[in-house]
Amino acid sequence: MDDILIRGATHEEHDQRLTEVCKRLKKSGMTLNAKKCIFSLTSIKFLGHVIDGQGIHPEPDKIAAIENYQPPTNKKELKQLLGMANYLARFVPNYSYILFPLTSMLINKVTFVWEAPQEAAFPKLKKILSSDPVLMIFDPGKETIVTTDASSYGLGATICKSKLMEEDR
């Protein structure tokens, strides 16, 4: 096992969970390398993301790489851009819809032509990512609202926490 992240809403809850995890590790015969352990952080970079009390953010370096990326001039450069963007897709609402003008150019028989639809999609992606998107950490103690919709073309769903919905009103 490489990484264990333990989160708590309060310092006391964190310490309680840490104690429980340590007990379970000991019971299963596993040990920790003290030199690699870091305790009680309020923010941590982990797998290309920053996790803190607000939620999960994309790592600033990943966003900067896309912000500084010049419009692609061929399919190879477009694939590189989309590879970086795909890593951050979960932070972009309507990701597939926004990037359709770009992804549609990867079809084999389509010639690479950078026109108005592509020119519009590219800065839109940059703008959304530079707005500091955050994925909230799921709180099972708060009311969860699931909304679904479907048509003959597709389906969609959202999961919202009631606190966020109240703030939007």
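Just so it is clear, glycine is given a Cβ too, placed from its N, Cα and C backbone atoms.
Please treat TrEMBL annotations as automatic predictions, because they have not gone through curation.
Lifted from TrEMBL, the feature list:
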| type | residues | note |
| --- | --- | --- |
| DOMAIN | 1-51 | domain 'Reverse transcriptase' |
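Using DSSP to sort the residues of the domain 'Reverse transcriptase' (1-51) gives these counts of helix, strand and coil: 20 helix, 7 strand, 24 coil.
Per-residue pLDDT, averaged along the domain 'Reverse transcriptase' (1-51), amounts to 90 for this model.
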